[in-house]
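Asker: Structure incoming, see below.
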Amino acid sequence: MSYIKETIEKLKQTSPAQVEFYQAVEDVLESIEPLLEERPKYREHSIIERLVEPERQIMFRVPWMDDDGNIQVNKGYRIEFNSALGPYKGGLRFHPSVNAGIIKFLGFEQIFKNALTGLPIGGGKGGANFNPKGKSDAEIMRFCQSFMSELYRHIGPNTDVPAGDIGVGSREIGYLFGQYKRLANRFDGVLTGKSLLWGGSHARKEATGYGAVYFAQCMMDDKGDSLEGKRCLISGSGNVAIYAMEKLYDLGARPISCSDSSGTIYHEQGIDLDLVKRIKEEQKGRLEEYLETHNNAEYTPRDDYPKDGHSVWRYKADLAFPCATQNELTAKDAQSLLENGCKCIVEGANMPSTQAAVDLFIESGAAYGPGKAANAGGVATSQLEMVQNASMLRWDFDEVDEKLKGIMSNIYHDAKRTAEDFGHPSNLVLGANIAGFRKVADAMIEQGVV
Ligand code: GLU
């Protein structure tokens, strides 16, 4: 049995029923095979065996009271995966699908994503199986306060700095921060994604979406092409999708779709972004409401999606930006994108394409930007927020945005150069995984067996 297969088999025994985690590990291990051959020291130092085991896993009860006076209980997690390059850094996800395996997959990805940014941040992730949908503001606040009542003792500006992810935006960060401050009696940069009023960074909200589009720009540049006039399919309608669409419009492209967990909007003349912002950011409503303003748009409810696929990927487009969630884009979806002439796929979400879909993209020769490289702009800007907090300064929007652009370009060129060095010039999965892994592995060796 190969070393990689053996590692996965062992994981299945020691960490049972964590399929998304195995998928994320397999993705990294398969691409770094040529590196492991070239540098036997990684095996001598048991880097893989150490890397797949989180440094610390915190699991806790989150009890809270709903508006009817019933006691509710959720599972809370913070997985401090790897601190070779800096304090643990990564978001918190509040979603009913959250379990230890999901948080481990996200934490594992985060290690390499953060390494790729070139900034001094380790990898971590957390969250809860809490469903924020339909909850009142007071319920969200009580949940966040209960969650932080345990989490506060594990985090700190030089230890572990959580941020947002699915279900955790500026409102939740506010409630979490308030409770942290109350318990710790400290006002410090212990969370990122904070409000601009009290320590947040300009451009953090926009950063993941903008960053993914800057990454796409680098990919198009390399083909001697640009985003100008391109038709773009987007999935999702959260923070990542909204600001990816905004930057696409800025650069002359046309986003023609978006989606939420209930259905997909397709609007040939271009998505009305102000309306999506109003529905999603202000009213926290459903995308279906889009039709009340634009009856020439097409809405497909989730129940009408094709079997084994998502309805958003069946339209004709030049580029695709999966910005919703893991494994939202299947082999069938990849096939229909490619058949319809899509030449560039850029992942705004974490691991949105199944392994079979990724294989199809790579075989086809389409330009494929994996999430851990293309969506690293969010966490990179979080680190810029940490820098501003530590120095008690605030940079203006353009300064942060310029830095973000530079970081995305560096990530792209680092991954591209590494892919070329290893003889697979268009395989950015291999390039990103090797470039990220190498930094973490070398740091681990230098820090000894810890
Ligand atoms: N949740 C985001 C990610 O997946 C951002 C994490 C952060 O800003 O720490 O990278």
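Each residue, glycine too, has its Cβ placed from N, Cα and C.
Quick paste of what TrEMBL says about this protein:
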type	residues	note
BINDING	LYS89, GLN110, LYS113, GLY164, SER382	substrate binding site
ACT_SITE	LYS125	active site, proton donor
SITE	ASP165	site 'Important for catalysis'
BINDING	THR208, ASN239	NAD(+) binding site
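Where in this structure would I find these features, and how exposed are they?
Answerer: GLN110 (substrate binding site) carries a helical DSSP state (H, G or I). For GLN110 (substrate binding site), the number of other Cβ atoms no farther than 10 Å from its own Cβ, over all displayed protein chains, is 28.
In the three-state DSSP assignment, the secondary structure recorded for LYS125 (active site, proton donor) is strand.
Residue density at ASP165 (site 'Important for catalysis'): 27 other Cβ atoms are found within 10 A of its Cβ, drawing on all protein chains shown.
The local packing around ASN239 (NAD(+) binding site), expressed as other Cβ atoms within 10 Å of its Cβ over all shown chains, amounts to 26.
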Asker: Could you round the CA separation between THR208 (NAD(+) binding site) and ASP165 (site 'Important for catalysis') to a whole angstrom and send it over?
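Answerer: About 11 Å separate the Cα atoms of these two residues.
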Asker: When you average the Cβ positions of LYS89, GLN110, LYS113, GLY164, SER382 for the substrate site, which other residues in that chain have a Cβ within 8 Å of that mean position?
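Answerer: My list of surrounding residues reads GLY90, GLY91, ASN114, ILE121, GLY123, LYS125, ALA163, THR192, GLY378, VAL379.
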Asker: Taking ligand 1 as the reference and 6 angstroms as the Cβ limit (strictly under), which recorded positions among LYS125, ASP165, ASN239, SER382 are close?
Answerer: ASP165, SER382
Asker: Among all the protein chains here, how many other CB atoms are within 10 A of the CB of GLY164 (substrate binding site)?
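Answerer: Total other Cβ atoms inside 10 Å, all chains included: 27.
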Asker: Please work out the number of neighbouring Cβ atoms within 10 Å of the Cβ of LYS113 (substrate binding site), leaving out its own Cβ.
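Answerer: Looking across every protein chain shown, the total is 28.
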Asker: LYS125 (active site, proton donor) has how many other Cβ neighbours within 10 Å of its own Cβ?
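Answerer: LYS125 (active site, proton donor): 31 neighbouring Cβ atoms within 10 Å.
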